[in-house]
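Per Swiss-Prot, these features apply:
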- ALA2: N-acetylalanine (MOD_RES)
- 8-43: domain 'EF-hand 1' (DOMAIN)
- ASP21, ASP23, ASP25, THR27, GLU32: Ca(2+) 1 binding site (BINDING)
- 44-79: domain 'EF-hand 2' (DOMAIN)
- 81-116: domain 'EF-hand 3' (DOMAIN)
- ASP94, ASP96, ASN98, GLU105: Ca(2+) 3 binding site (BINDING)
- LYS116: N6,N6,N6-trimethyllysine (MOD_RES)
- 117-149: domain 'EF-hand 4' (DOMAIN)
- ASP130, ASP132, ASP134, GLN136, GLU141: Ca(2+) 4 binding site (BINDING)
Amino acid sequence: MADQLTEEQIAEFKEAFSLFDKDGDGTITTKELGTVMRSLGQNPTEAELQDMINEVDADGNGTIDFPEFLSLMARKMKDTDTEEELIEAFKVFDRDGNGFISAAELRHVMTNLGEKLTDEEVDEMIREADVDGDGQINYEEFVKMMMAK
């Protein structure tokens, strides 16, 4: 599984892993797993974390070594951003179902997610993703934006 990762990704994961391996013993605790993954741009839910930990932590000792961590990250990266998930996410933002995400729709969803954004910040997000310059985000632009992270 981990053999599908680039050397660069492996180096990045090793660096992140080391940051959280406080005592340098080559393992991280399960609590730290969520923090490590979030630092790498992943966003696992509590349930996903528990599942991953259960899969990886075979002896139930509450720690994960680097090879286990690598296979975990490889698995997680393979699962992210499927076409289906992107379509579902787009529908969440496109509240009126017209095929476009407006500034108002973006602001509404971001507010519901607990992100308090100024009008300027919302406009900036739209501008960054709005390839054709029509002031809103269509599905293609949304996919590009999501895959660029």
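Keep in mind that glycine also has a Cβ here, set from the backbone N, Cα and C atoms.
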Distant-in-sequence neighbours of the domain 'EF-hand 3' (81-116), which means Cβ under 8 A and at least six residues beyond its ends: 122-123, 125-126, 134-139, 142-143, 146-147
Whole-number Å value for how far GLN136 (Ca(2+) 4 binding site) lies from GLU105 (Ca(2+) 3 binding site) (Cα to Cα): 10
Spatial neighbours of ASP23 (Ca(2+) 1 binding site) that are distant in sequence (at least 6 apart) but have CB under 8 A: none
Cα-Cα distance linking THR27 (Ca(2+) 1 binding site) and ASP96 (Ca(2+) 3 binding site), given in Å to the nearest integer: 48
Cβ-based isolation winner (fewest other Cβ atoms within 10 Å) among the binding-site residues THR27, ASN98, GLN136: ASN98
Rounded inter-Cα distance in Å - ASN98 (Ca(2+) 3 binding site), GLN136 (Ca(2+) 4 binding site): 11
Averaged pLDDT score, the domain 'EF-hand 1' (8-43): 82
DSSP state at GLU141 (Ca(2+) 4 binding site), helix/strand/coil: helix
Cβ within 8 Å of the mean position of the Cβ atoms of ASP94, ASP96, ASN98, GLU105: remaining residues of the chain near Ca(2+) 3: PHE93, ARG95, GLY97, GLY99, PHE100, ILE101, SER102
Shell list (Ca(2+) 1; ref centroid = CB of ASP21, ASP23, ASP25, THR27, GLU32; cutoff 8 A): PHE20, LYS22, GLY24, GLY26, ILE28, THR29, THR63
Tertiary neighbours of GLU32 (Ca(2+) 1 binding site) (same chain, Cβ under 8 Å, six or more apart): PHE20
